[in-house]
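If you look up Swiss-Prot, you'll see 10, 11, 12, 13, 14, 15, 16, 25, 42, 90, 114, 115, 116 marked as substrate binding site.
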C-alpha cells in the first residue's frame, strides 16, 4: 500500500498591511487546496478572529510559526497587489531557501509592483504574473504542473 504525500503550500497575502483583498485571498486559497494543503489558509478567512490572524499573539511566536510553515512548504503562492512588508519578507526568505514561488499581481492605475519583487523573477523557481481573477485557475495549473 502506498501513501500519497500531500504538497504543502504557503500562501502569502497582506494581514497587517490591509485586509481589503481578504475575500480574493479566500477564493485563491480555495483553488490552491486542489493542489495540496494550504498551511496559511487563515490569511483568507474573512471571519478569522484576531488570534487566528496572529493579532493577539506575540510577534516572536507569529514569526517562528510562519517561518516554520514557510520552510516546510513545497511551494509558495503570494498575492502581492496590496503592499505588505511581511509578504516581502516572506518572499525574500522563500527565495533564499530556493522555494518555488508564484507571485500574483493585479495591475492598477498609478501603482507599480516593487522592483524587489518584479526584479527577483528568474524563470526557474520565482515567477511574477500580472493577472485578472479569471486567470487564476490557469496560472495555478501552469505553475503546479511545472514543479
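Numbers run from 1 along the shown chain.
Glycine too: its Cβ is placed from the backbone N, Cα and C atoms.
Positions of the features from Swiss-Prot, shown on the structure.
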residue	record	Cβ neighbours (10 Å)
10	substrate binding site	24
12	substrate binding site	26
14	substrate binding site	22
16	substrate binding site	12
42	substrate binding site	17
114	substrate binding site	13
116	substrate binding site	10
Whole number in angstrom, please: the longest C-alpha to C-alpha distance across 10, 11, 12, 13, 14, 15, 16, 25, 42, 90, 114, 115, 116 for substrate. 28
Three-state secondary structure, which DSSP defines for residue 12 (substrate binding site): strand
Tell me, by DSSP, whether residue 42 (substrate binding site) is helix, strand or coil? helix
